[in-house]
Amino acid sequence: MANLSQPSEFVLSGFSSFGELQALLYGPFLMLYLLAFMGNTIIIVMVIADTHLHTPMYFFLANFSLLEILVTMTAVPRMLSDLLVPYKVITFTGCMVQFYFYFSLGSTSFLILTDMALDRFVAICHPLHYGTLMSRAVCVQLAAAAWSAPFLAMVPTVLSRAHLDYCHGNVINHFFCDSAPLLQLSCSDTRLLEFWDFLMALAFVLSSFLVTLISYGYIVTTVLRIPSASSRRKTFSTCGSHLTLVFIGYSSTIFLYVRPGKAHSVQVRKVMALVTSVFTPFLNPFILTFRNETVKTVLQGQMQRLKGLCKAQ
């Protein structure tokens, strides 16, 4: 057998344990993927087209929806095609590229969620300074930092994996090139690399989560001081959709990645990866639509405008 210390390709096991039944997963997963793509695309178009949504909150929301589309594109189309073929091969370079973009985009999405929390903190706790503190230039800088930092930080991470010795075979027990399954194939000493992964998770996931929690701690304290009950409800409803996104996004990721070493079974990792790459992007547009009065108003206005155009024709 050829030396697999630097394999030219990997085999993704995916859902091979389902045998011929894995083809039955294609339809539901394809539907979820298309709905997630369309839902997040609608949000982006709506934010760009409607002047009522040209605010910092919806600027960050459009960034988040774009990230949801891109994250799913890194893993889901490949997973869908592999459900229909018996031999699921990905080149070594393709695997490293997928790894790089999946984790870079995923880390960026958490930083954008933190930007959204900071925006709500300034809007509610310091409303008189909101225009200055959250100016267009500041928002662009925050978004640029959120996009650039993970992409730069992931360069040494992916290069270190590219130089590992993979002498325990070339079959990745997952449907994409995840971190732990790759390390399990290596016969190199990966303890330092695992600790680096843990530090990266702390930097981009746990730290942003703590900033978000602190921001909402101040927000809750400020809102409870509002004398009007209706004003309190309105303010909480504004933050409700973002809090839901925070809970769904952080819970699964912290469970998987903010622990050193190869802490979870492969099946658990597959299920949680499905949650973050398929189900969460599918749910987010619905959460943002049903929990946000401004978005619902804009959507209703767009629907009325379309009906008017159809009647005119």
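Even glycines carry a Cβ here, placed using N, Cα and C.
Sequence-distant contacts of the transmembrane segment (25-49) (same chain, six or more residues past either end, CB-CB distance under 8 Å): 15, 18, 58-59, 61-62, 65-66, 68-69, 72, 76-77, 79-80, 83-84, 278-279, 281-282, 284-286, 288, 295, 298-299, 302. Per TrEMBL, the feature transmembrane segment maps to 25-49 (among others).
According to TrEMBL, the domain 'G-protein coupled receptors family 1 profile' annotation covers 39-288. Per-residue pLDDT, averaged along the domain 'G-protein coupled receptors family 1 profile' (39-288), amounts to 87 for this model.
If you look up TrEMBL, you'll see 56-77 (among others) marked as transmembrane segment.
The feature transmembrane segment is assigned by TrEMBL to 89-113 (among others).
Residues 56, 59-60, 63, 100, 103-108, 111-112, 114-115, 118-119, 122-123, 126, 200, 203-204 of the same chain sit 6 or more residues outside the transmembrane segment (133-155) yet have a Cβ under 8 Å from a Cβ within it. Taken from TrEMBL, the feature transmembrane segment covers 133-155 (among others).
Feature annotation from TrEMBL assigns transmembrane segment to 198-219 (among others). Counting same-chain residues at least six beyond the ends of the transmembrane segment (198-219), those with a Cβ under 8 angstroms from any Cβ of the stretch are 107, 110-111, 113-114, 117-118, 120-121, 124-125, 149-150, 153-154, 157, 239, 243, 246, 250, 253-254, 257-261.
Sequence-remote contacts of a segment are chain residues at least 6 beyond its ends whose Cβ falls under 8 Å from one of its Cβ atoms, and for the transmembrane segment (240-259) they are 64, 106, 109-110, 113, 116-117, 120, 179, 197-198, 201-202, 205-206, 209, 212, 216, 269, 272-273, 275-276, 280, 283-284, 287-288, 291-292. Sequence annotations record features per position, and here TrEMBL assigns transmembrane segment to 240-259 (among others).
The transmembrane segment annotation in TrEMBL covers 271-290 (among others).
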